[in-house]
Amino acid sequence: MEVLMAERADLVFRNKVIDGTAIKRLISRLIDHFGMAYTSHILDQVKTLGFRQATATSISLGIDDLLTIPSKGWLVQDAEQQRLILEKHHHYGNVHAVEKLRQSIEIWYATSEYLRQEMNPNFRMTDPFNPVHMMSFSGARGNASQVHQLVGMRGLMSDPQGQMIDLPIQSNLREGLSLTEYIISCYGARKGVVDTAVRTSDAGYLTRRLVEVVQHIVVRRTDCGTIQGISVSPPNGMMPERIFIQTLIGRVLADYIYIGSRCIAVRNQDIGIGLVNRFITFQTQPISIRTPFTCKSTSWICRLCYGRSPTHGDLVELGEAVGIIAGQSIGEPGTQLTLRTFHTGGVFTGGTAEHVRAPSNGKIKFNEDLVHPTRTRHGHPAFLCSIDLYVTIESEDIIHNVTIPPKSFILVQNDQYVESEQVIAEIRAGTYTFHFKERVRKHIYSDSEGEMHWSTDVYHAPDFTYSNVHLLPKTSHLWILSGGSYKSSVVPFSIHKDQDQTNVYFLSAAKGKARNSFSVNNDQDQGKHKFFTSGLSGKKESGIPDYSEFNRILDTDHSNLIFPSILHKDSDLFLLAKRRRNRFIIPFQWIQEREKELWPRSSISIEIPINGIFRKNSILAYFDDLQYRRKGSGITKYGAIGLHSILKKEDLIEYGGVKEFKPKYQTKVDQFFFIPEEVHILPESFSIMVRNNSIIGVDTRITLNTRSRVGGLVRVEKKNKRIELKIFSGDIHFPVEMDKIFRHSGILIPPGRVKKEFKESKKWKNWIYVQSITPTKKKYFVLVRPVIIYEIADGINLETLFPQDPLQEKDNLELRVVNYILYGNGKPILGISGTCIQLVRTCLVLNWDQGNKSSSSEETHASFVEVSTRDLIRDFLRINLVKSHISYIRKRNDPLGSVLISDNRSDRTNPFYSIYSKEKIRQLLKENQGTIHTLLNRSKESQSLIILSSSNCFEMGPFNDVKHYNVIKESIKRDPLIPIRNSLGPLGTACQVANFYYILKTHNQISVTKNLQLENLKQTFQVLKYYLMDENGRIYNSDPCSNILFNPFNLNWHFLHHNYCEKKSTIISLGQFFFENVCITKHGPHLKSGQVIIVQIDSVVIRSAKSYLATPGATVHGHYGEILSEGDTLVTFIYEKSRSGDITQGLPKVEQVLEVRSIDSISMNLEKRVEGWNERITRILGIPWGFLIGAELTIVQSRISLVNKIQKVYRSQGVQIHNRHIEIIVRQITSKVLVSEDGMSNVFLPGELIGLFRAERTGRALKEAICYQAILLGITKASLNTQSFISEASFQETARVLAKAALRGRIDWLKGLKENVVLGGMIPVGTGFKGLVHRSKQHNNIPLETKKKNLFECEMRDILFHHKELFDFCISTNIHDTSEHLFLGFNDS
C-alpha cells in the first residue's frame, strides 16, 4: 500500500482484506477528498498492483480443488428422517398438503443453509489456499451460492411458475446429479434461456415507454420558487437508517432546520453525508426536502428541486436531460437482471424463525389463561401468546425466568418436564423484509373415487346458496369414502345378510311433505286392527324416521327432480313434483293359486311412509301389470284426441332447466300412446359407422359390435361425454308448404285422417306420430312414426286381492284401485338393455270415511306386525286409525327418533305386547337390521330398483351369549332410549317402533368369510348403497341423483373375539371414522382408515376411506355426500408465501404499477382511492377549494405510494435506484387532471386531460372554478397525452394522432427532445440549451412578494400550510414503506 501516496511518513497502514464493497467505499471517499483526476491516478496504481500479484500467484482451478463438506452425509440423512415423519403425519391426516409443503421446504432449506455456513470454515481449516475458496470468497469471481452448488448441495429449485419443487437436489455438481435431479435442475437453465429471449424485449419496451413519458424533462431553471416540501421523519424502528440516508443525500432542503433556537441548516442548502449524520445524531423534527414532485415548472424541472447530480455530486447543471436519465435508470436493471435467474431457495415466509431454548432441565410453568391453542404454520399444535408471557423453569436448585415476546408460539405444555436446550417457544420473525408476499392457491385433488364427507358444519359462499363452494369455519377432516359409480349392471357381492331391512328410493311416485314427528303406536281398542294378510315372507317393517333433514345441504325449494305422475282419479290431473324421499317396498310372494292365475309374474309392492304415517289418499301398495311392459325405449304421449289438442291443452313450462308439460285442463286419460324408438348410448371414443340423418335398414352395423334392431332414420347427439344414437322407424314425407311443418311437428294423427300438406295423400290405418326433421344441408322433411296404443283398463276388483274377512269389518276404511302413468307426456324413456320399462302402474289408494267423528283423523299409522306360529314367521300390515296417545317430536341432536320402552305400561297400551310377552321381547335380540336403497345415475335417465328379499323361512332362536344379553338388559333399564350407535346392524338402520330385539337364524346364511359369494337373488342388483352417518351421529340421506358401487376389496372385515362383546359398544360405534393404525381390537392396530358401516355380533365391516385435513378458510368443493371421481378438486387452500428471488417476476409488477393496471383481486386499487379522495375533499371544502385541494392531496398521496411500490420491487432484488428517478416518472403520470363538468365550456371540453398547474392558472385567470378531478394515467397513456403531437405520433398510433392533431389544428412548440430529433433541429439540452436561455433575466429579479400578490395564491398557500401536518404524517410514514397500514386496500400483492 506504500506505493499509493508520496508522503509515506504520516500514512496509516491498514492490514485488511478488501472486497468489492470496500473498494466502492474507498473510491467514493477518494473522490470526495481528491477529486476525479487524482482518484483515477490512484486507482490505476491499485489495478497494476492487483494484476502483478495475481500473475505471481498463478492460480489454476482443477476438479480436485472442489472439496465436498464431510458433515453433509448425516445432515441429509437427518433431513430425510424428518421428511419421513412428516409424510406419516400427512398420511394419517394430521397435517394438510400446504403445511407439509411448507415444512418440507423449510427442512431442506435449513439443511442447505447449514451446509453453506459449514463451507467457509471447512475450507479455512482444511485448505486455506484452495483456489475455489480464494476466488469466490475474495469476490473476484463466483459467489457463495455458486460454490455451495459445486461443493455443498444444489438444494431447492423452483419450477417455471416460480413455485418451489419440494424435491430437493441433494447432490452437488462435484458428486454428479441423478436423472431426476438433473431434470429438475434444468428448469433453471431453461428458464434462463427463455427469459433471455422474452424478458429482455419486455425490459427494452418498458425502457422505451419510460423514456417516451419523460423525454422532454430538462433542467431549465435554477429555482422555481416553490415553498412546498415533502417531510421525512428521522429514522425510528420502522425505517432503516440506510434508507433514511439514501433518501436525504443529494437533496435540497425546503425549509430551515432548527435545534432549539439554533439553525443548523438553511433553506435551499443541499444535503451531504455530514449534514445527514448531524440529523441522525440530533434526532431532529421531520426534515422538509424538495423533490421533483414539489417543482412548480410545468414541463421541465429546476436545479434545486432535482438536487445533486448522481455523477459528480454537485448540483445538477442547467440543460441536463434528467428525464431520459430517469427513464433509463429504471429500465436498465430490468435488461441487466433478466439474465440473472439463479434460484437459491428461501421461498417460504419470513425465513426460519428464532427459537427460545430451555436454559436447564426442569418443569416449565406459565399462566394458561394468557395463551390460547393454535396450529403453527407446519400444523403442529402450539399455544399462541398475545402479550409478554413469563415462563418459569424450575430445576432442582435454581429457578429460571424466561420472557417470551407477544405473537410467539409456545411449543410445550404447562407443567411439562423439559430438557436443557429443548426448544420451548418460537418467536415469529418481526423484522420487516422487502419480500413480495403473494397469496397462492393450492388445490388438493382426491386420490381415489368415492363419496365425500366432512366432519364439521360448513359455510356456504354467501352469493350462491346452492353452489358447491363451502368455506370451512374450523379445522376438520374431509373423508373420501371408497366406492364409485357403477360400471356394470351387477354388483359382485352383497354384504347384507338375509332378512336385512331394505330401503328403496322410488322416484316416480308422489309423496307429501317430510314429516318430523315420530310416533309410537298406542291403541286403546284392540278390535279395530286391520290385519292385511297375504303370504308375506318378506320384511319386518316399522316406523322409520325420515332423515332427510340431516342432509345438511338439502335444498328443499330447489328440487331439480321432477317426475310428473298422472293419477287417474275422479277425472283430476295432478302434476306431482317428486321430493327426495325414501320408501319401503315389500314384494309379495303370492301363495294362493287364484292370484297366480291373475298375475302370473308380477309382484305387488307395499310401501309404508318413512315415519309410519299415512295421509288420506296415499298409495298403500302397487303392482306392475305385464301388459304395460315394454322392452325398448320410446316416448309416451297422451291427451284428448284431436289434431292440435296436445299443443293446446298443455303449456310448456321450464322448471329447473327441465322441460315439463303442465296440464291446464282436467282431462280423463283413458288411453295413451307409446312411440317406440331404438336408443344406443355409446362412449365418446366409439367410432360410429352411420351418419346423422341417414336412413338405415334393419340389422345394419352401427358400431363394431352392435347392430340395429329396427330400420329407420338415424339421429346422433352428443351429450355430456356420451354419444346418444337414436333410430326412429317410420316413413319419410316431403311437405308441400314449408311453414306448416312446424305447426305439425310432434303431433298425433288418428287413423283415417287425410293430410293435404304432404305430396302424396294417403290414409293411415293406425295412429301415427308426425315429427319434422331439419337436416343440416338438405331440405326439410317430415317423419311419420308408428304408434302403439295402450288402453288403461278399469281397476281390478278388490275381492281378488284380499281374503274376504278383513274387509267385511266395517271400519270406514276404503281401498281403491287407481292406474297411473309413470312417465310424463312427451318424456323420452330410456330402456337399459335387458330390462323392461313399466309404463302404467296400478296402485291401491288408502282412504277412510270422515263420517265417524271418533276416528276422523287426517292421518293413520301403519306398522308391520310379525306373528310366529310353530317357528314360522308371518307378517301383517296393521293400519291403525286411532290417533296415538304419545308422539315424540325429534330433536336435531337425537336423529334416531325417540323410542319408547316402558315397564309400567299395561299390555293393552302397546299392541305388540299382545303378540309377544314382555319377557320374550327382552330376551330376543335382533342380529341384523339393514337398509339398501337404489339411486339413479347422474344423467337421471335410467332407473334401478333393488328389493332384497328371500323366500326362505326362518326359525327364531334364543340368544346364547349371556354376557351380551346382560349388557342389553342393563342398558334398557338404565336408559329407555337406546341410541343407534351401540346397537348392532349396518350403519343407518333405524330402530324398531317398540324396540324389541330378536335373533334370526336363517337356513342358508351368507358366510362372512366368503365375502364374494352372493345368494341367488331373483333380481339383478344394480346399485348398492347405505345410509351414511357422520362423526356427530347425524344420519344423512344421500342424494338420489348419484350412485355408488362398493368394491368388495374396499371393505375390510374385522372379526371380534367372543369374549370381546361386553366392551364392544364402547369402542366401536356405528358410523365412526378410524384413522390408520388405530387400535380397534386386541389383535393390534387397524391398518387402513375407514368408516364402520356394519357392526355384527362377531365382526365389524369397515368401508375404507381416505382422510384429508383442511384448515379454516379453506374452500371445499362439492357437496356433502357427492361422489367424486379420481382427480377431482377437493379443497383449495389459500396461503401466503414470499416470491422467489429474481427480477423477472418483479418486472411485470413494476410495469403494472407504472401502467396503473389493477394487479389482481388483491391489487392496490389506486384509482379507486383517487376517486374516493376526490369525492370526500369536495364534500368537506365545497366547490372551488375542493377541486383544487382535492386534486392536490390526491396527487400527493398517490405519488408517494407509487414511488414506494416501485422501490419495493427493486429493493427486493437488491437493486439501488435513487428515488428521484422514480419521482420524475411518477410526476408525469400523475400530473394530469380530468375536466369533469362543462362549466367552463369556452376553455376546456369535459373529459379533456390537462395539467394540474394549467388548470389552476386558468382558474385564477378567469376567476371562476373549473371542475376537475385527479386521474392516474399509465405510462403508455401519458406518452399519448403530451403537449407535442410529433412526439406522440412517433411513439404509437401514428395515423390517428396526426389526423386528430390536424383536425384540432394543434401547434407543436418543439420543446422536447424527440420532436427536434424527428425534425432534425437542435436538441434543447446540454450545449444546445444555451441558445434557449432568453427571457429569464429580468424575470428572476422581480422579488417573490410582488409575484405572489394575487389573493388566490396567498389563500391557497395558507391552506396548503394548514394541511401540511396531514401531508407530513402521511408522507413521512409512507416513505417508511408502511403504505399498507395507512391506506386500506393497498395489500402488497
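Note that Cβ sites are derived from N, Cα and C of the backbone, with glycine treated the same way.
Look at Swiss-Prot and you will find C224, C295, C302, C305 tagged as Zn(2+) binding site, backed by sequence analysis. The number of other Cβ atoms within 10 Å of the Cβ belonging to C305 (Zn(2+) binding site), over all protein chains shown, comes to 29.
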Same chain, 6+ residues apart, C-beta under 8 Å of the C-beta of C295 (Zn(2+) binding site), given in sequence order: C224, T226, I301, C302, C305, Y306, R1227
Helix, strand or coil at C305 (Zn(2+) binding site) [DSSP, three-state]: helix
Largest tally of Cβ atoms lying within 10 Å of a Cβ, found at which of the binding-site residues C224, C302: C302
Neighbours of C224, C295, C302, C305 excl. site residues, C-beta within 8 Å of centre, Zn(2+): R221, D223, T226, R290, P292, T294, K296, S297, I301, R303, L304, Y306
